[in-house]
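**Student:** Got these off Swiss-Prot a minute ago, pasting:
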type: BINDING; residues: Cys54, Cys58, Cys61; note: [4Fe-4S] cluster binding site
type: BINDING; residues: Cys98, Cys129, Cys189, Arg261; note: [2Fe-2S] cluster binding site
type: DOMAIN; residues: 39-266; note: domain 'Radical SAM core'
Amino acid sequence: MSEENKQWSISDIEAIYQQPFNDLLYQAHTIHRTYHDPNSLQFATLLSIKTGACPEDCGYCSQSGHYKTHVEKEKLMSVEEVLQCAKEAKEGGAKRFCMGAAWRCPPDKAIPQLKEMIEGVKSLGLETCMTLGMLTKEQASHLKEAGLDYYNHNIDTSPSYYDKVVTTRKFSDRLDTLNNVRSAGINVCCGGILGLGETREDRIEFLLTLANMETPPESVPINRLIPVEGTPLAQAERVEGIELVRTIATARILMPKSAIRLTAGRTEMSDELQALCYFAGANSVFIGDKLLTEDNPQRFKDKTLFNKLGLTEMA
């Protein structure tokens, strides 16, 4: 079942997710080959442009002001600083430059500066993405005017489990922002995190929510939790690699046209596990040594692995 614009049911997705592993991989990889070059990856870079002191209480996040973590508060970077980082990202092979700020929602006074960042990064020939928290319709329109290509706003987990992870906002708040972004004509980047203490049923409901959006996200980041000392989820049980691959494969089947990004947690993955993820349908990664505040595989390690697998940069 890979029909586009299909409204999926929980039982549909359970049947896909829980089928024998080899059958799941075969189905996912067949669909992946139909819609994408199986030997190419999209390279993106993620920069924290405003770090720490976020008023939200996401139980996994190093940047929450509710917890004492290794992260130090840093003010919003200047346009010049951001553009220098964007130039370095382009030189390192990135095609998309993502800018993240630890806000509940961006202050209106910051919008002109954010628009300058977007315009400057686009002038370098890079695609632009931002993740700034919740957006109003007006703010989304301003970012679109500046030329923003993608906006990231993850739903994190299933609607049923969401309030076990975050209490300072509602799941519906996430959907409202996604609707504002979509209405403004900006492409949607939306995914979640595995390893928050959720069940397999939660992961299936999470995928159902994404796949049944009126227009599924153009980009779907799948993160494996990086436990952060000082946060409530610091001791969360690690999701097994096979479960990660099942989630990616199912996402590929449900959302055949979307880019599936293997995001946080790659530093803890073996080459073999990453290879399975790419075979299952992941076709986008963040390159560079940092993902906001956490470590990412060093460039030379990525280059070595991608060469072994015959994976090249997406045109």
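Cβ atoms here come from the backbone N, Cα and C positions, even for glycine.
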**Student:** Within the chain of Cys98 ([2Fe-2S] cluster binding site), which residues six or more apart in sequence place their C-beta under 8 angstroms from its C-beta?
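**Tutor:** Result: Ala44, Thr45, Leu46, Leu47, Thr128, Cys129, Met130, Thr131, Tyr150, Asn152, Phe286.
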**Student:** Rank aside, I only need the closest one: which of the binding-site residues Cys54, Cys58, Cys61 has its C-alpha nearest to that of Arg261 ([2Fe-2S] cluster binding site)?
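**Tutor:** Checked the binding-site residues Cys54, Cys58, Cys61; minimum Cα distance to Arg261 ([2Fe-2S] cluster binding site) goes to Cys61.
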**Student:** Near Cys189 ([2Fe-2S] cluster binding site), which residues of its own chain have a C-beta under 8 A away, given they sit six or more steps off in sequence?
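**Tutor:** Non-local contacts for Cys189 ([2Fe-2S] cluster binding site): Cys129, Thr131, Tyr150, Tyr151, Asn152, His153, Pro217, Glu218, Ser219, Val220, Pro221.
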**Student:** Any idea what DSSP makes of Cys58 ([4Fe-4S] cluster binding site), helix, strand or coil?
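**Tutor:** For Cys58 ([4Fe-4S] cluster binding site) - judged by DSSP and reduced to three states - the answer is coil.
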**Student:** Within 8 Å of the Cβ centre of Cys54, Cys58, Cys61, which other residues of the chain have their Cβ, at the recorded [4Fe-4S] cluster site?
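**Tutor:** Not counting the recorded site residues, we get Glu56, Asp57, Tyr60, Ser62, Gln63, Ser64, His66, Ala102, Val166.
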